[in-house]
There are 2 protein chains.
Amino acid sequence: MSDPTPDAEPADRIAVDFGDDGLVPAVAQDADSGEVLMLAYVNREALERTRETGRAHYYSRSREELWEKGATSGHTQEVREVRVDCDADTLLYLVDQTGGACHTGHRSCFHRTVDGEHVGERVFDPDVVYE
Amino acid sequence: MSDPTPDAEPADRIAVDFGDDGLVPAVAQDADSGEVLMLAYVNREALERTRETGRAHYYSRSREELWEKGATSGHTQEVREVRVDCDADTLLYLVDQTGGACHTGHRSCFHRTVDGEHVGERVFDPDVVYE
């Protein structure tokens with residue numbers, strides 16, 4: 001069980017601004033290729049779990065729960081580094097992605113241009129993975 | 001002057017889900033190096049202006065206004081491609097960044113780890129650019 005009242009942050013650690021809703025967007029980027037894989041939201045607990053486990057955790061706004069990426073699909077993200085932007089209200093996860101990040105079977109959730117052109121690589125069959 | 005009632009979208013164009021607040025997060029990525037430069041928010045008008053001009057536009061939540069990246073600093077972003085994620089509620093701008101994306105003078109806003117380590121490259125002096 002995680003402690004609901006975490007200790008004060010170390011002096012050098014950046015105080016993330018989780019804002020009124022307690023969430024910040026987190027961009028997951030492939031640490032090797034640089035491909036932007038997905039964007040999801042993170043609350044304080046999800047960030048703590050990510051740091052503790054080294055695996056990417058997010059907060060699902062629709063299901064209203066903490067969520068470990070790949071817990072169902074096996075397509076986990078090992079987090080090499082967590083960066084924070086200048087305003088400390090956005091995170092960047094540099095990850096080693098197993099399989100694909102997108103539930104559609106694509107490596108990246110950004111597999112379409114806004115004009116509807118398909119530009120992404122499909123790496124698994126979601127009907128098999130999420131059967 | 002832009003038309004406040006834009007025409008229906010072309011058949012192949014993805015209908016972006018701007019949600020209740022009319023905004024989606026947009027990640028700007030260097031089209032050549034793959035470096036994630038910044039995250040900002042975009043409303044429908046900002047997306048239209050980006051497409052029309054080929055230069056990145058965002059919506060400032062604090063100033064409550066449309067904003068062209070680099071209008072003050074000269075550090076504009078030429079947008080090569082706009083991608084949309086699987087849920088159509090996040091954008092990815094692939095850009096050619098002039099100078100640096102960050103108002104602190106760094107190439108990327110993500111120039112720190114959450115542990116406070118400095119990892120980014122400083123490319124300009126903000127006291128000169130924003131004098």
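The chain as shown is numbered from 1 upward.
Including glycine, each Cβ sits where the backbone N, Cα and C put it.
According to TrEMBL, the protein has these features:
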- B:38-111: domain 'Phosphoribosyl-AMP cyclohydrolase' (DOMAIN)
- B:D85, B:D87, B:D89: Mg(2+) binding site (BINDING)
- B:C86, B:C102, B:C109: Zn(2+) binding site (BINDING)
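Here the features listed in TrEMBL are painted onto the structure.
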residue: B:D85; record: Mg(2+) binding site; DSSP (3 states): coil
residue: B:C102; record: Zn(2+) binding site; DSSP (3 states): coil
residue: B:C109; record: Zn(2+) binding site; DSSP (3 states): coil
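Once Cβ contacts within 10 Å are tallied over all protein chains shown, the binding-site residues B:D85, B:D87 are led by B:D85. Using a Cβ-Cβ cut-off of under 8 Å to chain A, the binding-site residues B:D85, B:D89, B:C102, B:C109 reduce to B:D85, B:C102, B:C109. For the binding-site residues B:C86, B:C102, the greatest number of Cβ atoms within 10 Å around a candidate Cβ is found at B:C102. B:D89 (Mg(2+) binding site) has a Cβ environment of 15 other Cβ atoms inside 10 Å.
Sequence-distant neighbours of B:C109 (Zn(2+) binding site): residues of the same chain at least 6 apart with a C-beta under 8 Å from its C-beta are B:L37, B:M38, B:L39, B:A101, B:C102.
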